[in-house]
Amino acid sequence: MALAGCPDSFLHHPYYQDKVEQTPRSQQDPAGPGLPAQSDRLANHQEDDVDLEALVNDMNASLESLYSACSMQSDTVPLLQNGQHARSQPRASGPPRSIQPQVSPRQRVQRSQPVHILAVRRLQEEDQQFRTSSLPAIPNPFPELCGPGSPPVLTPGSLPPSQAAAKQDVKVFSEDGTSKVVEILADMTARDLCQLLVYKSHCVDDNSWTLVEHHPHLGLERCLEDHELVVQVESTMASESKFLFRKNYAKYEFFKNPMNFFPEQMVTWCQQSNGSQTQLLQNFLNSSSCPEIQGFLHVKELGKKSWKKLYVCLRRSGLYCSTKGTSKEPRHLQLLADLEDSNIFSLIAGRKQYNAPTDHGLCIKPNKVRNETKELRLLCAEDEQTRTCWMTAFRLLKYGMLLYQNYRIPQQRKALLSPFSTPVRSVSENSLVAMDFSGQTGRVIENPAEAQSAALEEGHAWRKRSTRMNILGSQSPLHPSTLSTVIHRTQHWFHGRISREESHRIIKQQGLVDGLFLLRDSQSNPKAFVLTLCHHQKIKNFQILPCEDDGQTFFSLDDGNTKFSDLIQLVDFYQLNKGVLPCKLKHHCIRVAL
């Protein structure tokens, strides 16, 4: 029977040897292996009358002395992890002895006594120093549970490096030049970062905010896809590059209005000879189909400043140009760029930096390129609609169904949250009714004639109130500072004194969708304003002129036929009514300070 917790070397301790030598042979247990002594005791009946109480007291004293000896030698005697005991003397190799050494009953009792846990742990720590070569090593199947240096509870320091949550600081700029440093995780996507910035900036989350990868030294920029990892994209950017926080209403416009994007002559299918525009979306999202976008583009030669107009074909395998007219035979197609390890960008100032023939340039940039312009594949379209078509086709062919999932995720979240949250009431012509609050309780005016007269009366009352406010707010007759002439400056859609080119640039950056607008000061008339509006991917400007009626200044878009006391009323009206405009005002350009 092995001693649980106490090595056999305790038997060689002087204190223990003294106790063993002082013990008389007549007090040994009859169950011991010493048979001659047992037979002598049975023969002599006089020796059976042993004082039992004295024997028990002697055994208890021996146990107490042995326990103190274990405590004294626990720091020096090793205990192997495999359950075997380290001997003070190495065991001699050879055949096993036929005669086993006699074990006294007192030793058998002492071997069943426990030792302190701390002493055993200290003995285990010194195992490697006292392990002998004659004892075979038994591997421990659970070293992390019983090892002295590995606690059973996982701590952040005990996690492997791959599982540790890495954090990184990312600097994001706004359109007005302000910036914010945000600490993000390594697995944070562009959508997650946009939602975080929306929360920190107290903006309205309408799923149109995007993160823009901006390269000023290359004159390139693009909107990150919602599923892209921000840290991974930043690793491919140069030191001059930066992230911009911007609106983009046209990011998923293709899924809303696919009919308005691709002309019929630009779309072909390899597997079917004819197909309608309604099948366009399914063919782009289906990985087994092979849609193609074809047409003429201006292509800049690598390493040269010259541009050539070539017939270009975009497939899932890459972008090709034809070396012989409009032929698409394999021997006439030359690979221009690969879609797998590249991204498509818009040219910011293509005419000035790359001598582009038009202002509608695009670029296919390999991910490995940082500052060099030699490997950039620069292209140029004839108009903005053609450029949008090529860039949208590139994204669809590269990402496919993943792009559609990015479009559907916000809608699915909105549908799940709608039963638990009160929806914001949309302002439209179908959600407004005429009310009469002249009595003690309000009532709905159902008669159209009565509703029209009530609206006219309310309009006259509003004009009278605004006139009184103008009179009270005027500082001097020469420099009137009325509320109606300055209240619009508090709105996000008013951008102040910017040029026509700047307003067009802002409209293009935030998406050429129908109804996107902004208001600005007129450069030709100091008292007038300009409404810049996008319709059918074209930008138009409408002048807002002031007019006077009964000494009161009004603003009008249609030469005084429809008058408004301030620009806020004008914008509210044309958000509900098209009027003289080609479409209603739907989205306004906004700049947010981070």
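Note: Cβ is positioned from N, Cα and C throughout, glycine not excepted.
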- Query: Which residue among TYR67, TYR249, TYR311 does Swiss-Prot mark as phosphotyrosine?
  - Reply: TYR67
- Message: Just to confirm my parser: what is the rounded mean pLDDT across the domain 'PH' (290-399)?
- Response: 92
- Which numbers of helix, strand and coil residues does DSSP report for the domain 'Ras-associating' (166-250)? 17 helix, 33 strand, 35 coil
- Checked against DSSP, the composition of the domain 'SH2' (493-574) is 18 helix, 32 strand, 32 coil
